[in-house]
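Asks: My structure is below; once you've seen it, I'll send some questions.
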């Protein structure tokens, strides 16, 4: 039995709120149960130095947790003077995941930065960030299409992410914090709307996992991501 | 005429939402018009080294702006590796303001950290932080009283803050961003429930201001703070 | 009775020594009692990026304390790898105060940096820095006028600063260290030669202060600053 | 055809040299083709603060590339003042992978640090680091067993890693740099001697990959890791 | 002919002012021509961690240049967030030089920090720092002897330093800035009162120098240091 | 008797291996006994800002020690976020030494960076770095001559370095770690092929040293460097 009483194949309640703040070109609050992440998309008409003059755009991401988004207060990274390895790992993952579904040439020489800031954490923040950031990115690109800066949509597909894991020997979907900290294997999967795999990151926290378990977990992730992408579509249609 | 069409003596609509997030001992979203700050209070049963063994507590604050809380994206301080002078100035001000109304000896050897994170900025974020952080602090101390860790309330008075300024020659209350960036003199005032001054920080951005203008601005601030403290009381009574 | 036996309205003995070091375009040692600050003004024929091409100049300041300017040795900020919040707050204040009396357009596209380094500290270092830095700035601008790089003096007025406070219930002028560390309210006031207020920063260290006390302190500061500006004029006439 | 003319299922020539340097308790140079990584294991009779007094040990890793291990010189991280996100991601992966096969309780309250320094890079440095670091760790633990500080071997299984990828549509084993920079999907797999999965990290650089491709790649990795573990055993038997 | 018209064997006018500031246990302004360095000695009744419990003391030094001590303004190291390699090299040299004449066991478990801050630079600041810091150290140790914290003087000998160099082919003593920046070989020599060598650091800026030149320069330094030590003695006798 | 049983005038066995790694334009492993340093030379067709447009080249060096090159593990400088004073001092010395034998004008507007990374340390790493880096630099310049980017060789002479010291009262050549940590005086000498002195850095660790000892040590260094330069020539002829 999962601590949350959910069935093994249940997602937590998901809520996607667009235009959550007003300045960003895309601003989405995504809630997966008690996990709440604010994802904003900011357009800048410039690209990083390594892309200058190549006619291509760039999508990048930054990630942060408010100090008291967690059960006990974490130190503020700005005050510590550096981002942790975990933070950097997550923001690199978010950036790669979004770039996988955008035609950077079609985006033109501009950059979109996705800021994913965790207001409240209860497990699965990196996956929620990817799923929410896609919607914010979509909104930002809509403004580029609306004001004529883009004529062709560079977004090629949806992308969303979910965590799966082996909790007390059972494959479960969308781990919350009690499951995440108690599970044997934890896997984050990023997939597109067409079912292609973009990222798969599985880690055995305790015992190694088998090929059969890898298959089971991937199946479970796939079903969860399909539902998340439907929820993205519903939010974008609203 | 103010850009927002408000009368000179009008506050923006204020909303104080308690228990905005669930992990912190106090968690308050304060909205003053389009300015939205999340203030959390975190209790730690330890004090900074300079207070160890002295039987006194400590109240401190940290402040941050989400990168896209502003009109154009600001660089993330965690990514830059340091907090700006402005950030440090503000968080020192918030800490001092709250300590002014707390009996640190009565608090006992523990620390309460107020994290003020700006979700959306439209001027007056430091004042909103102080007004909201007081409510979060109040809630955190209530938990200490409720669970018996404190028997006497160390809070001696309310404290709140507001900005005032000379905008096109007129003294106006509670500046929003268009006024803040266009005004001649900008003043932040922090006062207690009994009307005592805790901080007054006035700056001539353009022309110096006169003693008469200082008086006028202080009057205006006093009236605004009285109303903010009533709103704090209403929120705490809810 | 003040620790220094001064009357409540007495400044400490003030000495302003111009051309204290030889390389800087302006170099002033200001002594207020035992507080000694070396203020140098350095002209650079360039402006910070945010002003490039706008035909305006810039005045900025940096502040530091020698490690053993204080009663017990403070850590060297260069060795710690960062400037404290207090340092940044002070250098921002010095810069703002000086910019308030300079016509930046008339200065032309160049920057003057005021370095205020405390050789010996006995309270009031930020105010002494402002008062001394004005004289150094004046000397630097005189070299620009003398060598024809400027034809019109961009300095519009004098500016000086003093601290005032409530010490054992009495409003006193120009706090030294024993008063500063023992006072209830501490206020730094920056004014121009014509009596306009540029900055007012009052902080209740213990009990909040009243409107009447604010008035009293502001009066006292005004009288002190008038005398400081006379001393600036005398030094510049020498 | 692979740039190196290898068959799709070929590893590069692997050489594992133990006792490469003399001070470390374990010191291994691992060469996979032109990739050369020096892995040293250092024993310290202390643990990080979060483990103090719990009777458990810790295994951690640090990773670095010599500035000219790469085709063009990379900036030295020590001179830049920080480790890149990539470096931190890799050293976290190495540490997790080794901890997966060590009984930390049986290790006792001591830490072993694996330093993996790339002398020459030609793709696959993180996987070579894991495979080589295991041998260095084994040697370090042998010294603990030999001198009686440990009586039971805390190593529970072998662990090794290899990269696989889709290069021009074909699943290939052990990517070198030209393949790594040109492939569509890149996957790093960490497995134990008994065939359990410890980590799987797959990334679509271009097109997403399918479930069938994931299976193919995992098979290929499994076969490569089996051979690497035989090579570890041969090296340890020498 | 030297730019300063001095004879090759002339020191610049030297002035050593004790008790230049009032808080430090030793405070010396040393002037060698236009080079002016403030050297303070601060006693702390603790030692760095590596010496704890060994019954020995420590002497260390920190060095800094005020931003406008130089012809053109240098960036403030505290603002840059790090000390330059040159600064670190110099402060290590000052510390070593002073430790060479102090019996650290006799000093007891306490640390004396020498802060050498350059108020005005005209070449030879590191040598002036050593010569002046010795006097400040002497004064600090006198306070320890005077108040009974030490009964035996741990200072075993005087120490002073001077620069010598080959300027236009001629060996000259005590280089000022124009010579320093134009010379072929620059050598800093640190010697004791009994004529022992503590440090010798010679660098060919242009052409290598010969053994004969090394001898000549060392002779010249020796004569200069003898005179500096006499000046130290005279200052200490005053 | 020296701990290594060497005669006082013996170098340790020296081995210079060119083309040790494949990407760098020059790559040399120098071994002096158990000290092993990898020296790579990297050519960049650009110069630092202070040389831009002056038609001159630049030679610079960076130095690092692998964390477990030493008897006990040292902290990784990249992880600490800064290079130690010792590291900076050494890399500045290496750069100066090499620039002394190169005609920077003849090199043209390009930079060569020498990375000296210590794989195993047993004393004398800075001297080994200079001796090895010269060979790597020579190889890098040969590629410039070979591909026609240079037509005249800008190298004017050989340069090499060795340490000498007073160990138990005896002048000995090429100190290893046990001698280095136990000696009274330690001197590093850098000389050219024609016998000119480039750097001489002598430090009394315990007792000061005399002029006679300085002479003796310099003689010894000179003989050692002659042999090292022969070994450089032999390596370059191979």
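Even glycines carry a Cβ here, placed using N, Cα and C.
Curation does not apply to TrEMBL; its annotations are automatic.
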Asks: Per TrEMBL, which of A:76, A:86, A:156 sits in the phosphate site along with A:124, A:125, A:126?
Replies: A:86
Asks: At its widest, how many Å does the recorded phosphate site span between Cα atoms of A:86, A:124, A:125, A:126?
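Replies: Value for the max Cα separation, rounded to a whole number: 13 Å.
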Asks: Near residue A:125 (phosphate binding site), how many other Cβ atoms are within 10 Å of its Cβ?
Replies: 26
Asks: Quick one: give me the count of other CB atoms within 10 A of the CB of residue A:126 (phosphate binding site).
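Replies: Around the Cβ of residue A:126 (phosphate binding site), 24 other Cβ atoms lie within 10 Å.
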Asks: Can you see whether DSSP assigns residue A:124 (phosphate binding site) to helix, strand or coil?
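Replies: Going by the DSSP assignment, residue A:124 (phosphate binding site) belongs to neither helix nor strand, so it counts as coil.
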Asks: Select the most exposed residue of A:86, A:124, where exposure means the fewest other Cβ atoms within 10 Å, treating these as the binding-site residues.
Replies: A:86
Asks: Please list the DSSP helix, strand and coil residue counts for the domain 'Exoribonuclease phosphorolytic' (A:11-140).
Replies: 42 helix, 41 strand, 47 coil
Asks: Which residues, same chain and not among A:86, A:124, A:125, A:126, have a CB within 8 angstroms of the centroid of the CB atoms at the recorded phosphate site?
Replies: A:63, A:90, A:118, A:121, A:123, A:127, A:128, A:129
Asks: With DSSP, how much of the domain 'Exoribonuclease phosphorolytic' (A:159-223) is helix, how much strand and how much coil, in residues?
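Replies: Each residue of the domain 'Exoribonuclease phosphorolytic' (A:159-223) counted once, the result is 19 helix, 30 strand, 16 coil.
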Asks: Pop the mean pLDDT for the domain 'Exoribonuclease phosphorolytic' (A:11-140) in here, whole number is fine.
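Replies: Here the mean pLDDT over the domain 'Exoribonuclease phosphorolytic' (A:11-140) amounts to 97.
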